[in-house]
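Peer 1: Encoded as structure tokens, here's the structure I'll be asking about.
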Amino acid sequence: MKNLLRAINPLNRPQTERLDERQVRNNAGGFVYTVSDESRLTRFLVLGVDGGTFYASAQKHTVQATDFVRELVQRDAALALRVTLDVVRGQRAPKADPALLVLALIAKTAPNAADRKAAWDALPEVARTGTMLLHFLAFADALGGWGRLTRRGVANVYETADVDKLALWAVKYKARDGWSQADALRKAHPKTDDAARNAVLKFMVDGVLPKVDSPALRVIEGHLKATEAQTDAAAAALMQEYRLPLEAVPTHVRGAEVYRAAMQTNGLTWLLRNLGNLGRVGVLTPNDSATVQAVIERLTDPAALKRGRIHPLDALKARLVYAQGQGVRGKGTWLPVPRVVDALEEAFTLAFGNVQPANTRHLLALDVSGSMTCGDVAGVPGLTPNMAAAAMSLIALRTEPDALTMGFAEQFRPLGITPRDTLESAMQKAQSMSFGGTDCAQPILWAAQERLDVDTFVVYTDNETWAGQVHPTVALDQYAQKMGRAPKLIVVGLTATEFSIADPQRRDMLDVVGFDAAAPNVMTAFARGEV
């Protein structure tokens with residue numbers, strides 16, 4: 001009798017045993033839930049698959065994710081396109097490549113012709129730059145030939161894009177991934193009666209600019225003059241006169257004056273990626289207070305961040321690279337300016353938008369188990385899930401007036417992270433506490449044991465739980481019964497797998513994607529009971 005009771009009692013079910021028939025085994029051997037198709041695709045679009053995980057190599061992780069996307073496109077291409085466009089329009093993802101791959105799969109392989117056409121119609125919106133278009137073409141070409149729909153879809157981009165935008169592509173994005181603008185034009189054969197547009201397209205193909213009087217062609221005219229520049233000063237003057245991007249200037253004259261001019265002629269994305277180069281050539285230094293102040297004002301301007309489509313991960317990556325004083329590949333060194341490092345931290349927070357507090361009692365639980373120290377989040381070199389969890393938790397910790405941050409693996413212990421911590425100190429604290437296997441029930445069990453009043457549990461994890469004797473969903477029910485309150489559980493997934501400890505059928509549990517720019521406000525609304 002006792003054995004039978006034990007067998008059916010969920011309180012006696014460890015995480016290595018299935019709690020119900022909806023659970024599946026994760027990569028660590030524990031049983032969890034699978035997220036919905038929409039949630040899994042969103043994870044792929046936001047987090048990508050670069051770097052693998054502790055339990056799955058980069059290659060296996062990539063194959064699993066891309067196989068899922070392929071299968072979803074065959075089964076419900078309309079859903080795949082809707083989710084992709086939602087992420088793109090909301091500026092929720094740090095990289096465009098996952099969205100470009102999904103769009104290429106729909107455009108080339110969707111069973112329904114209407115879905116394929118819809119994907120091609122969306123191409124100008126998703127491939128916003130010349131680089132993105134060439135990346136898309138590399139994906140699309142690998143999936144099939146150049147039929148009528150493909151030729152028409154690519155031609156449409158060149159026929160409808162603003163001429164000044166095309167002219168910028170002609171000098172800034174000449175070739176990527178084995179594809180050039182000339183290659184695309186020779187295959188697509190766009191047609192137009194617009195003389196300025198035809199002039200740009202001809203220049204893309206053969207490098208010759210016809211004599212057409214149009215302001216849109218000035219960037220190409222300036223580029224042609226810059227190719228003849230013999231000095232840094234001459235090239236810098238042309239950049240300012242013609243508003244040239246850095247790529248329009250030959251590499252042998254890219255000295256300090258050219259980089260100083262580039263600060264005025266290039267956007268915020270360029271600035272984030274080139275802070276180290278600005279320091280390397282002597283433009284951004286502690287002694288140049290005017291330049292430092294100008295950089296800080298741009299980095300901390302909320303409107304400029306939104307206008308420049310700066311994702312929080314862009315700012316975090318820039319901070320990680322710039323603060324270490326040398327490039328990711330070891331090329332070039334510089335002296336980081338502390339005020340610029342602080343501005344990048346502020347930019348990280350501002351890039352999430354105006355996050356409102358839920359004003360509920362939050363327990364922020366960071367998974368610091370061994371698996372969280374492996375792999376790179378969203379392809380950012382050196383940004384482990386462990387560090388990403390600490391960075392994400394700081395947003396909630398600085399927003400919510402009543403929040404506590406703890407770390408868990410097989411046990412639960414304080415991390416000492418406070419709202420006053422910098423990104424670096426918070427990530428260091430999380431890294432220094434890394435230990436043991438993963439038991440995602442620990443935060444809830446600890447709160448019940450300590451009789452701590454919690455309205456919202458937020459668990460930052462890779463969902464590879466396996467080491468506990470109680471499933472997290474059961475622990476939440478036990479807590480509610482013991483404390484006489486109905487808490488909510490938010491799971492912030494930091495790897496692009498299909499797993500979650502949150503039961504998708506329960507209204508008191510929510511699974512969100514780590515580093516989704518929309519995540520903090522969605523979490524607030526859920527904690528308030530608004531969704």
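Backbone N, Cα and C define each Cβ position, glycine as well.
Feature table excerpt (Swiss-Prot):
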BINDING   Ser369, Ser371, Thr438  divalent metal cation binding site
DOMAIN    24-360  domain 'TROVE'
REGION    128-274  region 'RNA-binding'
REGION    352-531  region 'VWFA-like domain'
Peer 1: Note down the number of other Cβ atoms within 10 Å of the Cβ of Ser369 (divalent metal cation binding site), including every protein chain shown.
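Peer 2: Around Ser369 (divalent metal cation binding site), other Cβ atoms within 10 Å: 29.
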Peer 1: Can you check what DSSP calls Thr438 (divalent metal cation binding site), collapsed to helix, strand or coil?
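Peer 2: The three-state answer is coil.
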Peer 1: Helix, strand or coil for Ser369 (divalent metal cation binding site)? Use DSSP.
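Peer 2: Ser369 (divalent metal cation binding site) sits in coil per DSSP, no helix or strand.
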Peer 1: Quick check on the region 'RNA-binding' (128-274): DSSP residue counts for helix, strand, coil, in that order please.
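Peer 2: The region 'RNA-binding' (128-274) comes out at 103 helix, 4 strand, 40 coil.
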